[in-house]
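What TrEMBL records for 12-30, 36-58, 70-90, 102-122, 134-156, 168-187, 194-216, 228-249, 256-278 is transmembrane segment.
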Amino acid sequence: MGLLEKAHTLILNNIIIYLTMPALIFRAVFESRISLSLLKIPLVALAIAALSMGVAYIVGRFLHLKRPTFGAFLLVAAIGNTGYLGYPLTLQLFGIGNLVKAVFYDLSGTVVFTFTIGLLVAQRYGQGNGKVNIIKEVFTFPPLIGLLVALVVKGLGIGLPNFLTDTIGFLAGATIPLVMLTIGLSLELTEVRTYALAIAVVVLIKLVVAPIVAMLGGNILGMSGSDLGIMVLEASMPSFLLSLVVGLRYGLDTDFLPAAIVVTTMLSMITIPVWQYLLKAIS
């Protein structure tokens, strides 16, 4: 037996969601320059998520999936790993000064979309009895609280004592290694053959269609440089574990969900650098 096992994933996930990721988001926003140009990012992020789900809905009708599988199919096609995987990659490729752009993309295109449209889809197609409380789900999500607190503190010009900024920095720095551990523990190939065609469609939507839409949408809005680079990077993220959390809660197909998440995550290790290379080549 190893030091860490798959059973520890939930514990690590809670540490990230409730402690280190809010600290990382707070630090990124507090130390960055906030401008109105950032408002373009949520627009494109939400459009990409909605379009991805729309394409999945149309194509999925021809796959004759069972209702719980169809609902799961819609979620993994629309919800990307823009936080867990997107933040570390943004830090590595674009630096802490640009992380706020990934934060705006993640909290709009993933968090807000998931806890609004995503929950409604899960309730409609799931077999559970969960009821949707959208306002509660959105405004009690710790990373979003971290963003709102940072905006208030920064907007009011409140200075923070060194011990507090040091503590926030320490917690923020723990996010990336914890995320990498969580992703590694979560990867497990199961039920891939059973859902091969549906997973192939998800791969096409998440790893090909979404980045193309991000590139086109960003160019239409006049985005360039790191703005466009981060937009395409976040759009090219694989399916997110959050869709599995929602699926478990609302009774979606929890065999299909992890299979799609694992396959898109593994293939994204190839497609993410390809999209960044292509973006630089045509810029």
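Residue 1 is the first one shown; counting continues down the chain.
Heads up, the Cβ atoms here are built off N, Cα and C, so glycines get one too.
Automated prediction, rather than curation, is the source of TrEMBL annotations.
Small disclaimer: the values here were computed from a predicted structure and weren't measured.
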Ranking 70-90, 134-156, 168-187 by the number of C-beta pairs under 8 Å to the transmembrane segment (194-216), which range is first?
70-90
Would you mind listing the long-range same-chain contacts of the transmembrane segment (256-278), meaning Cβ under 8 Å and 6+ residues beyond its ends?
69, 72-73, 75-76, 81, 85, 89, 93, 183, 186-192, 194-195, 198-199, 202-203, 206-208, 211, 229, 232-233, 236-241, 243-244, 247
Pairs of Cβ atoms less than 8 Å apart decide it: which stretch in 12-30, 36-58, 70-90, 102-122, 134-156 has the most with the transmembrane segment (228-249)?
70-90
Please work out which recorded stretch in 12-30, 36-58, 70-90 has the most C-beta pairs separated by under 8 angstroms from the transmembrane segment (134-156)?
12-30
